[in-house]
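Encoded as structure tokens, the structure appears first; notes follow it.
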Amino acid sequence: SPATDHRSDGPTQNGCPTLRKALHKDKEEMTDSDEEEEEEDDEEEEEEERSSDEGLLLQAHYAMERMEEFVQKMWEGRWRVIPHDVLPDWLKDNDFLLHGHRPPMPSFRACFKSIFRIHTETGNIWTHLLGCLFFLCLGIVYMFRPNMSFVAPFQEKIVIGMFFLGAILCLSFSWLFHTVYCHSEGVSRVFSKLDYSGIAFLIMGSFVPWLYYSFYCSPQPCFIYLIVVCILGIAAITVSQCDFFATPQYRGVRAGVFVGLGLSGVVPTLHFMISEGFLRATTMGQMGWLFLMATLYITGACLYAARIPERFFPGKCDIWFHSHQLFHVLVVAGAFVHFHGVSNLQEFRYTVGGGCTEEGDM
């Protein structure tokens, strides 16, 4: 009947919206899941791209490092000396040496390899490198001398060992500075301070055995002079740590500081000569060797400060026989002369024994 048909159609018509909502909801859920899957796929692709890019960057970085190493090795083997006027300011020291300078070196290895090349620093390096090895061997031999050769073996080996220590430190710091100062400005500054400190160590170390033997029977003035020398030496080291001290403008000041430190020995020398007499001081007291040592040191310092002979022959002494090189030779010679004089003092003390008389300080 019509009524029955109307009732039967009602639920169907009312159920269509519900079904459509359910279908729409399912479709939305499917769409959301598809979007999530697509996002995950995109993220995976981005991660793969990033990892691929990182791998390429690492490979490129590694290749660059290898290339830099290759270029550096090629450069180290083929660098050429350059004239003074193209040096960076921190490498310019002596404008009378016109040619033959090392360029700034990229590594310490290159600096040490340059020892075997010919340039303005070759003589400076080898004079003090060989001198250092000489005093090292001489010191070892001397320290292992039998105790029966000394009056007071322990004390005497310590005081003479102080001289060897000062000489070895001075020569070691010197040849190392002249080897690596072309590496960089910072390295040059650090090693120049060590170089100047080494000079003070040599001067202080040289005083110790001479004062010990010269005032063997007068320990009080010996101790006072040692304290004064140490204070002056520490003051010289302190001043040499200032950056301005290493500049070319202060070349004369540097020479003056260390010559002044050495000349502080004039007072104990006069004391010794007055107490012992001139003849005894120059024979048994070995003052002649002390004067020769002072002459060698002062001559070297004056040549260094005045830049002689290159001042009168610019460009002619670039590699050999320039002032700094002559200064190095005179320092080694002066140190050996001092050792010879101290050795004679030690032999004299061994000959007369450990006793003291009322006359004199020896």
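Quick reminder: no glycine exception, Cβ is built from N, Cα and C everywhere.
Curation plays no part in TrEMBL annotations; they are all automatic predictions.
Worth saying up front: this structure is predicted, and the values here are computed from it rather than measured.
Sequence annotations record features per position, and here TrEMBL assigns Zn(2+) binding site to His178, His324, His328. Sequence-distant neighbours of His324 (Zn(2+) binding site) (same chain, six or more apart, CB under 8 Å from its CB) are Asn94, Asn124, Tyr304, listed in sequence order. Mapped onto three states, the DSSP output places His324 (Zn(2+) binding site) in helix.
Annotation comment: TrEMBL describes 31-51 as compositional bias 'Acidic residues'.
Residues or ranges marked as region 'Disordered' in TrEMBL: 1-55.
Under the heading transmembrane segment, TrEMBL lists 125-144 (among others).
Residues or ranges marked as transmembrane segment in TrEMBL: 159-182 (among others). Tertiary neighbourhood of the transmembrane segment (159-182): same-chain residues 91, 102-105, 108, 111-112, 114-115, 121, 124-126, 128-129, 131-132, 135-136, 138-139, 142-143, 188, 191-192, 194-195, 197-199, 201-206, 208-209, 212, 328, 331-332, 335, 338-339, 342, 346, selected by CB-CB distance under 8 Å and a gap of 6+ residues from either end.
Positions annotated as transmembrane segment by TrEMBL: 194-212 (among others). A Cβ distance under 8 Å defines the sequence-distant neighbours of the transmembrane segment (194-212), meaning residues of its chain 6+ beyond its ends; these are 155-156, 159-160, 162-167, 169-174, 176-177, 222, 225-226, 229-230, 233-234, 236-237, 240-241, 245-246, 254, 258, 261-262, 265, 268, 290, 293, 331, 335, 338, 341-342, 345-346.
Tertiary neighbourhood of the transmembrane segment (224-246): same-chain residues 188-189, 192-193, 196-197, 200-201, 203-204, 207-208, 211, 215, 253-254, 257-258, 261, 264-265, 267-268, selected by CB-CB distance under 8 Å and a gap of 6+ residues from either end. Residues annotated as transmembrane segment in TrEMBL: 224-246 (among others).
Same-chain neighbours of the transmembrane segment (253-274): 196, 199-200, 203, 207, 210-211, 214-215, 221, 225, 228-229, 232-233, 236, 239-240, 245-246, 281, 285, 287, 290, 294, 297-298, 301-302, 304-305, 361, counting only residues six or more beyond its ends whose CB sits under 8 Å from a CB of the stretch. Annotation comment: TrEMBL describes 253-274 (among others) as transmembrane segment.
Counting residues 6+ beyond its ends, the transmembrane segment (286-306) has Cβ neighbours under 8 Å at 206, 210, 251-252, 254-256, 258-259, 262-263, 265, 269, 272-273, 323-324, 326-331, 333-335, 337-338, 340-342, 344-345, 348 in the same chain. The transmembrane segment annotation in TrEMBL covers 286-306 (among others).
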Mind checking which of His178, His328 has the fewest other CB atoms within 10 A of its CB? They're the binding-site residues.
His328
To test your reading of the Zn(2+) site: which residues beyond His178, His324, His328, same chain only, put their Cβ within 8 Å of the Cβ centroid of those residues?
Glu121, Gly123, Asn124, Ile125, Thr127, His128, Ser174, Gln325, Phe327
